[in-house]
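Engineer: As annotated in TrEMBL:
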TRANSMEM  12-35  transmembrane segment
TRANSMEM  56-84  transmembrane segment
TRANSMEM  90-113  transmembrane segment
DISULFID  Cys159-Cys191  disulfide bond
DISULFID  Cys160-Cys177  disulfide bond
TRANSMEM  203-227  transmembrane segment
Amino acid sequence: MAVAGCTKCIKYMLFFFNFIFWLAGGVILGVALWLRHDSQTSKLLILQFEGQQAPGTFYISVYILIAVGAVMMLVGFLGCYGAIQESQCLLGTFFFFLVILFACEVAAAIWGFMNRDTISKELINFYDSAYIKAVDVSGSPSKDAAIKILDAFHSTLDCCGKGDDTALFQQLAGTLCPRKTPEDFLKSQSCHHKLIELFSEKLHLIGLAALVVAVIMIFEMIFTMVLCCGIRNSPGAY
């Protein structure tokens, strides 16, 4: 069977959007792998203090992105092949997977919106727990380990302290932040702010990618339904 007229135009538009969808899947997969192995986040999320691993909530969204990117590439190929072959079976299967992906993306977006501040808050709490031990003048057994944890944060984020600038912190600033000069402390060096900025940028990148993919998926679902109807009503259909 062969479609004609406007339906044929829809066929090639669907193929084009599926190709873009396939490319988008590859881009998302690449971005997710970059986020997973990004030096800044990796150095912070592998830290351990007093037997407690640094919170890895951020990696949940990254692993979801990796899975979504791989599935998008597979589904995009299925859509391209179904459009060229004008196969209602393949297009129906493609539409089914598209709806599942769209539903998962909406669910992930809702989860991400509700937990958008969780990642930075968890790491801030982890940083603060080490900070308290590091400035403990009573000689805590874990003080040296805490100072090493803070040094990893300070060198990775180019920051120092929580931004409170207490008298105790000023006395210990040289020990906690040996790479900083007195002039550096004239401007804000808060690690709290740096952590919020770090993960806000990455979550905005994930959100933008999800929005672009959602728009493409909506167009694809519309074109798939139109093409399926066109194939069913074409003169050669049986």
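Note that the numbers count up from 1, one per residue, in the order the chain is shown.
Keep in mind that glycine also has a Cβ here, set from the backbone N, Cα and C atoms.
Just so it is clear, the model here is predicted, and its values are computed rather than measured.
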Engineer: Counting only residues 6+ away in sequence within the same chain, which have a CB under 8 Å from the CB of Cys191 (disulfide bond)?
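Structural biologist: Long-range Cβ contacts: Ile124, Tyr127, Phe153, His154, Leu157, Cys159, Cys160, Gly161, Lys162, Gly163.
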Engineer: Taking 12-35, 90-113, 203-227 as candidates, which has the most Cβ pairs under 8 Å with the transmembrane segment (56-84)?
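Structural biologist: Ranked by Cβ pairs under 8 Å, first place goes to 12-35.
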Engineer: Could you give the residue numbers and ranges of same-chain residues that sit at least 6 residues beyond the transmembrane segment (12-35) on either side and whose C-beta is under 8 angstroms from one of its C-beta atoms?
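Structural biologist: Tertiary neighbours of the transmembrane segment (12-35) are 41, 62-63, 65-66, 68-77, 79-80, 83-84, 202, 205-206, 209, 212-213, 216-217, 219-220, 223-224, 227.
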Engineer: May I ask for the residues of the chain that lie six or more residues beyond the transmembrane segment (90-113) and have a Cβ under 8 Å from a Cβ within it?
Structural biologist: 61, 64, 68, 71-72, 75, 78-79, 81-83, 203, 206-207, 210, 213-214, 217-218, 220-221, 224-225, 227-228, 231
